[in-house]
Amino acid sequence: MASKVEEFMIKPENVSPTNDSSKWPLLLKNYDKLNVRCGHYTPIPFGTSPLKRDLKNYIATGIINLDKPSNPSSHEVVAWIKRILRVDKTGHSGTLDPKVTGCLIVCIDRATRLVKSQQGAGKEYVCVARLHNELPDEKQMAKTLENLTGALFQRPPLISAVKRQLRVRTIYDSKLIEFDNKRNLAVFWASCEAGTYMRTLCVHLGMLLGVGGHMQELRRVRSGALSENDNLVTLHDVLDAQWVYDNTRDESYLRRIIQPLETLLLGYKRIVVKDSAVNSVCYGAKLMMPGLLRYEDGIELFDEVVLITTKGEGIAIAIAQMSTVDIASCDHGVVAKVKRCIMERDSYPRKWGLGPVASKKKQLKKEGKLDKYGRTNENTPDFWKSGYKSFDPAESSTTPIISEVKSEPNTKTEDIEMKTVPAVTAEPVVETPAVSKPVFQEDSPLNSSTAAEFSKKVKKEVKEKKEKKEKKDKKEKKDKKEKKDKKDKKSKKRKSEEEDGEKKKKKKKE
């Protein structure tokens, strides 16, 4: 009998089931390797995995790694995509000159919140430089290119959209791909800081070699988080995908060319937030320790991190207020402050104000024992006054307590109006532990003279505000006019310089 029972028993083992998350998508990759702060939380049936969003939300929170064609400007290309996809907003990760091709990250609608982070990220280029003469030694080219790394002084080219100021830009790395001394052509790859002018780098290269040089052709092979190997698409692909969806209702092509915005966040350290804390963070709250579920190794103080949901959605880019070591050892405190919120508010339900203290506060408000702002009044019970500590400055400030004025035959209208007078003008002062503020009391004499003084003061303040506003408007108009005049002068000067240059060229030809 015992042997039969043993057949149906599950024997205890030391082996735990393995869950391989190395192939999970986007921000959930290697999820099981994250440090666990708390294993218990209540999942909420809201939100979806980034790849399983419905098409409207998928496009509205999507990015396109576009292969920009030669000739149109970056702004034109982005405007065309906006028109093709029929969306409200589009933005790009950093301007490319009209003749330059390559990676241009186009962010759609909600994803435009990540544009700033991508504009400041590093870039990689493949450049063709033309030298003005043959070099005596071909090895000289590779050596000179190697010297042009690190922090370099650069001034934008003559024809550029920015002010021609001297600036410092860093070239992280460069590599000579090919050099043809007979044709005076060099092809090289460079990894650099955002805002580096490759045209200027080619001129400096020619100057150092002593033969002169200029940029012949340029292609961007990486912009921020995405390179040309990461699902690069053309404008024709975007147009065709939209046409296929409009005519056949097949959304697979659109889903193939558009990637979720989470693709741009793969380089950040991850912090997983409980579902109940997601909406609070969307409204700008700091992430506190109770809302933390998992966190990654290697987080340092004031690092930029990404806050994600348990489904792998990006909530916000935040500044870490604790390192990985602090998070592991502390049981309370602020984990991270929101820098840029990505997720739409109320995507998850509101879960604040449901605790015992908040519930009691709501009840007291309902019963009239607290005012509508949660501040104490004459009906507030003693246990609340002594036991409750408010962190809201609106609640902690003292409020005017004004006795009701009963209408009597001899009561003047001015006296009745004084019920709404703010506490600032009253003479009696009540001391509070934090700040001493003038407060109305039941015995304070409210006569017509104080009312007249108050009305004069209010009129004076209104007049002063109006005058300040008028002065500000005048100043703004003047500044705008000056800027416009400067712009016109610059454009005229540039045109005249161009005309002079053309005339000189014609004379040389003659």
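Positions of Cβ are set from backbone N, Cα and C atoms, glycine also.
According to TrEMBL, the protein has these features:
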- 20-78: domain 'Dyskerin-like' (DOMAIN)
- 269-343: domain 'PUA' (DOMAIN)
- 384-510: region 'Disordered' (REGION)
- 405-418: compositional bias 'Basic and acidic residues' (COMPBIAS)
- 468-494: compositional bias 'Basic residues' (COMPBIAS)
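Residues of the domain 'PUA' (269-343) grouped by DSSP class, helix first, strand second and coil last, total 17 helix, 31 strand, 27 coil. Here the compositional bias 'Basic residues' (468-494) has no Cβ contact under 8 Å with any residue of the same chain six or more residues outside its ends. Confidence annotation: the domain 'PUA' (269-343) carries a mean pLDDT of 91 in the model. Within the domain 'Dyskerin-like' (20-78), the DSSP-based counts of helix, strand and coil residues read 20 helix, 9 strand, 30 coil.
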